[in-house]
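Undergrad: Features from TrEMBL:
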| type | residues | note |
| --- | --- | --- |
| SIGNAL | 1-25 | signal peptide |
| DOMAIN | 20-188 | domain 'Reelin' |
| DOMAIN | 302-423 | domain 'DOMON' |
| DOMAIN | 426-635 | domain 'Cytochrome b561' |
| TRANSMEM | 468-487 | transmembrane segment |
| TRANSMEM | 508-526 | transmembrane segment |
| TRANSMEM | 546-563 | transmembrane segment |
| TRANSMEM | 575-596 | transmembrane segment |
| TRANSMEM | 608-631 | transmembrane segment |
| TRANSMEM | 676-699 | transmembrane segment |
């Protein structure tokens, strides 16, 4: 091995090692080595020493054994973060126990996983988080552990992170007080922006029982503890949770201990039924002012708008969407998710089943949806659906922010919004007929963001993949297989490029089909960046697997054609039958895959295209059956004395030009009929293929 080659190998190895190193701890959470150091393995990058843009917040500063405390990691001034690692640790220097052992247990939340032996004492991100806040519960052990702090490492990007950020001291009620101020041990953070302060929802009349009321300390205000000895009524902001007030604290935080009674609480949602949206645009002048908005549009018009506002313990949602044409039963589903893919999503369904209108809660699994009617009264308030008779469907509801249910997303933290539409069958939701539109980033619903998602048509690569496969298998393969199977005896005296007509046409068609299939395979893999979702329980989700299998069969067919034995070889009959059988299987599997591919959401094809592909599949079967009948009839009427029977000719499939038919100088009976069928077949196949490809190229997005 020369020096140049060795140097190239070393360079490649260094690049591979660099890529591996850069890929660590970027999406799957912190590595085990971080359990003690709280440092991510991000190469030679070191923690930032500037004032942190992140705050580690807790709901109270004193704990008892077995007590649960809420913890929030918050990016101030809308600062997002990609990853985190969080533990509770002892901090009392007088305590002889280890200061590096994680204490207590965290509750697992979407987007997080356990680390450090999976003992629930350390929480890290399970995928890139891309949000401004995350909240979870921490439960103290059953025995006293001394004074604690929440320690966190928060990652802005690969080379930018802050390590060992701490909360206020969470004091052990059974331990001796710390010397000095516990608040001095908290990591300083930047001055909160106006967007970090709570919004001001409409007041709600609330009844308080005998309660001690504690208020979060503000920088310029002194609050005293007040005790009410009798029940009283007062008007207060329904945002009774201090979660939104944590970032404004300068000392410690305690909970607002308010007992709400349902008897006097009443939501006062805004009336957005008289929309200010201009026709066809769904634009709202007040989006970003007194409401948040999530709008889905294409280049010409908009299909939906989701608006929301803060109502204390609830968010008020108002949805306006274009109806699916020709569907008497349909639904709109608004999902709240920790990522941009389906699975583990909390959903609110607005359903129109004929004259019946309803709103209910459901939950997305990876491959389905489960209705959770038992949560309707817990999570929803003042829900309604309206169908005024035009092409729009309206839905409004109040969704509770925090629900003690592991399948209900906490809306006080950032979430992705997803909106999907679909039809009903016998009152049951069917798979959404349009690709769910997902917000481009996590949204903090407490601030009035505006998120516009462009409803683009399928990508150019998806369209190219579809068009190449359709031309390859609806046109080229269809003609190539028919020529090889039924048209060997025709044109015995005519040759193209020194080869018989049937062979030249067959080879050209199948070669084009093979090349286009491989190109289409590469394009779709580049588009989806790997393997798409697969499910043996859902036929459409088999498209990737069948596609890979048929591509392998195509490559195998090409290789068999390149290494076929000569016509005099003893292996030629084996090749003939093997090549024929493999060709039939490949053609059937590919057309089947095209059929199920038309039903994929990302294809976004018009239903007419699906019917045309179904029609082609049926037509192809009919043509083969008709030609088989004709050849069967020919065999019966051909004399056995003939040098070569039609039956023999029929089974010398895919033979070379040095064929047993080479000496036949006359065409078989009914050759005119066979030529007419071939011409008609080419014309029909060309028409179907051209129509389908043209519709895919010109079809607007999300046609239903």
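Including glycine, each Cβ sits where the backbone N, Cα and C put it.
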Undergrad: How many of the residues that make up the domain 'DOMON' (302-423) does DSSP mark as helix, as strand and as coil?
TA: 7 helix, 74 strand, 41 coil
Undergrad: Is it the case that the transmembrane segment (608-631) and the transmembrane segment (468-487) touch, counting contact as three or more CB pairs under 8 Å in which the residues of each pair are 6 or more positions apart?
TA: yes
Undergrad: Any contact between the transmembrane segment (676-699) and the transmembrane segment (468-487), i.e. 3 or more CB pairs below 8 Å with pairs at least 6 residues apart?
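TA: These two segments touch.
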Undergrad: Using a Cβ cut-off under 8 Å, which residues of the same chain at least 6 positions beyond either end of the transmembrane segment (575-596) come close to it?
TA: 469-470, 473-474, 477-478, 481, 484-485, 510, 517, 539-540, 542-543, 546-547, 549-550, 553-554, 556-557, 560-561, 564-565, 569, 610, 613-614, 616-617, 620, 651-655
Undergrad: Across the domain 'DOMON' (302-423), what does the mean pLDDT come to, as a whole number?
TA: 84
